[in-house]
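Worksheet: one structure, shown below.
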Amino acid sequence: MEDAWEADALEAAEAAAAAAQAVAADAPTTTPSPRTLQRQRACEALMEGDAPDAAPDAPLRCAIAWDGVNCWPETPAGALAVQPCFDELNGIRYDIRQNATRMCYSNGTWRNYSDYVHCRELVEAESDEDAAMAFVFFVGFCLSLVAIAVAIWIFLYFKDLRCLRNTIHTNLMATYICNDATWIISAVVQEYVENGGLCSVLAVLMHYFYLTNFFWMFVEGLYLFLLVVATFTGEKVKLQIYIIIGWGIPGVIVVTWAIIKHLGKTAPDNAGESHPMVLLIKHCPWMAEDYFDWIHQAPVITVLAVNLVFLFSIMWVLITKLQSANTAETQQYRKATKALLVLFPLLGITYILMMQGPMDGVAGHVFRNAQALLLSLQGFTVALFYCFLNTEVQNTLRHRMSRWRETRTVGGGRRYTLSGHSKDWSPRSRTESIRCLQHRS
């Protein structure tokens with residue numbers, strides 16, 4: 001009975017310690033930190049001075065031992081050795097208030113591994129600035145969600161607004177909804193729930209929707225480039241091609257990244273601190289940055305670089321056209337500046353401006369807060385410029401309100417539906433997305 005109990009206890013202890021023992025197993029394959037080497041040298045000095053007791057009636061004991069992570073003291077046979085957790089390992093700080101254990105068998109030998117299951121990484125307290133930035137991101141994403149949801153409803157409800165250009169806008173706005181919503185869900189869930197499986201799913205979804213956002217920005221840039229710069233219209237490129245670019249390619253990239261990251265089993269590095277989009281995510285190794293992340297980071301950088309080329313090309317055509325027009329120079333500059341500012345959020349140029357900046361002092365504080373504000377309100381800005389301030393949208397809404405008031409004045413003699421209407425009054429400028437480009441010949 002006692003043997004059965006001992007076997008069950010041993011099996012349970014081995015199962016509980018299996019995951020934690022990976023720390024000790026990895027130690028020989030990584031370069032030990034100076035603190036770990038210091039502990040090892042101190043332990044080796046103790047082992048050299050630990051002379052074995054040659055007395056025949058001396059009780060069995062386990063000698064001082066170094067397991068690659070911690071130093072275990074001399075322990076009587078059949079006893080469980082208890083040691084405070086190491087304070088540091090491979091540059092990561094651990095909670096020394098918790099304990100690690102190692103069994104000394106009745107024959108005076110150590111168990112092959114130690115139990116570090118209770119040794120947890122110390123989580124630094126969130127600074128006031130980090131909390132403020134997280135709040136800005138949260139509020140900005142919520143505002144963007146509301147604005148984009150209204151904009152998408154307008155584009156889908158009113159048939160007069162259904163065209164390839166607005167369909168592209170709608171898909172871009174949909175990526176903002178998915179991206180912002182996933183970030184909010186991740187922030188809330190990871191704040192209160194520690195679940196490795198859920199963390200992995202949220203990480204993959206966040207990276208996918210983050211990528212789709214940039215690829216639909218690329219689609220916007222490609223469409224405008226074909227419309228304004230190229231010799232043929234962007235309407236000749238079918239919507240299906242844009243959908244494959246915007247939704248399909250990011251899926252292939254993220255699946256590839258997820259498989260390689262899972263197989264690589266890399267350790268967390270900086271806990272994703274450099275990525276503003278995961279500011280609130282905690283205890284989630286999948287959010288940690290490593291060299292595998294270049295699989296999805298390189299396409300983002302490429303998209304932004306290509307969109308920058310698109311922007312220069314479009315602005316060159318616009319400025320050339322304005323210079324040939326009979327308008328005052330001040331008015332030309334005003335129109336060019338307006339077009340440039342409108343294109344910034346659509347093509348993701350804001351991300352380029354916020355990619356690098358000062359990190360220390362007052363300048364760093366201002367930059368980080370500006371980064372949080374601009375990036376979280378990116379979706380709101382797109383909805384504002386390309387829906388709420390769009391001439392075509394305003395005319396559509398104004399026309400519907402006018403018709404609705406007329407029917408109420410008449411007394412509602414016939415039922416009028418907002419979606420049943422004529423399309424002959426609505427402007428159909430191919431370059432309505434940039435109103436100052438309307439008169440391109």
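Cβ from N, Cα, C; glycine included.
As written in Swiss-Prot, here are the features:
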type	residues	note
CARBOHYD	Asn99	N-linked glycosylation site
CARBOHYD	Asn107	N-linked glycosylation site
CARBOHYD	Asn112	N-linked glycosylation site
TRANSMEM	135-158	transmembrane segment
TOPO_DOM	159-166	topological domain 'Cytoplasmic'
TRANSMEM	167-187	transmembrane segment
TOPO_DOM	188-194	topological domain 'Extracellular'
TRANSMEM	195-224	transmembrane segment
TOPO_DOM	225-238	topological domain 'Cytoplasmic'
TRANSMEM	239-260	transmembrane segment
TOPO_DOM	261-291	topological domain 'Extracellular'
TRANSMEM	292-315	transmembrane segment
TOPO_DOM	316-338	topological domain 'Cytoplasmic'
TRANSMEM	339-357	transmembrane segment
TOPO_DOM	358-371	topological domain 'Extracellular'
TRANSMEM	372-391	transmembrane segment
TOPO_DOM	392-441	topological domain 'Cytoplasmic'
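Locations of recorded Swiss-Prot features on the structure.
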residue: Asn99; record: N-linked glycosylation site; DSSP (3 states): strand
residue: Asn107; record: N-linked glycosylation site; DSSP (3 states): coil
residue: Asn112; record: N-linked glycosylation site; DSSP (3 states): coil
May I ask whether the transmembrane segment (372-391) has at least three C-beta pairs under 8 Å with the transmembrane segment (195-224), counting pairs 6 or more apart in sequence?
no
Which residue, out of the glycosylation sites Asn99, Asn112, shows the minimum number of other Cβ atoms inside 10 Å of its Cβ in this structure?
Asn112
Do me a favour and check the Cα-Cα span between Asn99 (N-linked glycosylation site) and Asn107 (N-linked glycosylation site); whole Å is fine.
24
Which one, 167-187, 239-260, 292-315, 372-391, has the most C-beta pairs under 8 Å toward the transmembrane segment (135-158)?
372-391
State, in range form, which of 167-187, 239-260, 292-315 has the highest count of Cβ pairs under 8 Å to the transmembrane segment (372-391).
167-187
For the transmembrane segment (239-260), sequence-distant contacts whose Cβ falls under 8 Å of one of its Cβ atoms, 6 or more beyond its ends:
164, 167-168, 171-172, 175, 204, 207-208, 211-212, 215-216, 218-219, 222-223, 292-293, 295-296, 299
What is the average pLDDT across the topological domain 'Cytoplasmic' (392-441)?
58
In the same chain, which residue numbers or ranges, 6 or more beyond the ends of the topological domain 'Extracellular' (358-371), come under 8 angstroms Cβ to Cβ?
129, 132-133, 136, 276
